[in-house]
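Structure, as structure tokens:
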Amino acid sequence: MAPIDPHSFTDSTHPLTTHIHLSFYFDFPSSTIHSSALLSLFSPHSGPFFLDTRSLTVHSVLDPQTRNPLAYSLSEPDPIKGRNLVVSLSNHSSVLVVYSTTPASSALQWLNPPQTFNKTSPFVYTQCQSIHARAVFPCQDTPAARICYSARMNIPRQLSAVMSARHVDRRPPVAGEGAALPCGDALWCAEGRLVEEFVMEQPIPPYLFAFAVGELGFRDVGPRTRVYSESAPAVLEGAAAEFAGTEDMIRQGERLFGDYEWERFDLLVLPPSFPYGGMENPRMVFLTPTVIKGDASGAQVVAHELAHSWTGNLITNKTNEHCWLNEVLQLHPNCFLGTLCDNLLVLDCLWLIDKFNFKGNLHVLS
């Protein structure tokens, strides 16, 4: 046995996960998500199977076909990697983990109403880069394990959800959907709740998994771009004006690198507590409100995140040890997408990758 990634418990002899179906019940008063994760594996496996977790309360691990319990154990916490969830499989090609997040989750930022713009509703968002997806759901939390996923998100009716995935439906809860969850079906189907459904059909590294739930509004700024933020006209109108030229940048990127593969390039302006300038989640880029300058100069951050749609999201560092490779072609966003495109810088970056033989550490979407 040997680890694939020094920052993950994932074992090189174990089959990789290909798809995860997630059910989430958001309990804002306790800053907790009651959840289940159905993991489908590339091939059947017998013996111990390793999953990364951090700050998760595991309630049970089940055979999805029979609902019989599977033996499992959790390692002692590692200060970097979290805890290894070791499940005993016997020719299984899927496994169901029933669990809850905790307020200590390193990937989840819970905001009380006074911390939001309108100060009327709570808000939660994720930041999974680089190794924090394991604090939202058990997974092989390494870029070497690209996954597709689907999700049901049970939220208060007055709120909305967005995800780095295609939105499928917004509907009432269905009896039976929450029966296996820690919250139970009574809470899942309680009055004042609804379900948002999403699907991501392109395999992504786990660090690109993202969602946000809150009192959201939106403005369309192009055929492929919708700007979301808290439902406050001042924020929405400012963001829509700042990022009005996004479609032109997408077209410039397509001229340089080929078709934009992710269908949508939507933007979410988060509350000020978001700790980065931007995060390149596919289909739904996360942005700090500090990029709204009033003169469109904040679009430089959008250009940088858009460039990641090709270098980073399609072509990814194979392990978290080399996550810096995702940024090596982002040294100057205008070299890709600005009006004064300096292709010499692109060539310099490609020369560095070739000279130092970094190609083996890049993982290409196929």
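Cβ from N, Cα, C; glycine included.
What TrEMBL says about a protein is an automatic prediction, not a curated fact.
The feature Zn(2+) binding site is assigned by TrEMBL to HIS304, HIS308, GLU327. Within 10 Å of the C-beta atom of GLU327 (Zn(2+) binding site) sit 13 other C-beta atoms, taking all shown protein chains into account.
The annotation domain 'Aminopeptidase N-like N-terminal' is assigned in TrEMBL to 118-162. The average pLDDT for the domain 'Aminopeptidase N-like N-terminal' (118-162) in the predicted structure is 97.
Residues or ranges marked as domain 'Peptidase M1 membrane alanine aminopeptidase' in TrEMBL: 253-328.
For the binding-site residues shown (HIS304, HIS308), fewest C-beta neighbours within 10 angstroms: HIS304.
With DSSP states grouped into helix (H, G, I), strand (E, B) and coil, the domain 'Aminopeptidase N-like N-terminal' (118-162) comes out at 3 helix, 18 strand, 24 coil.
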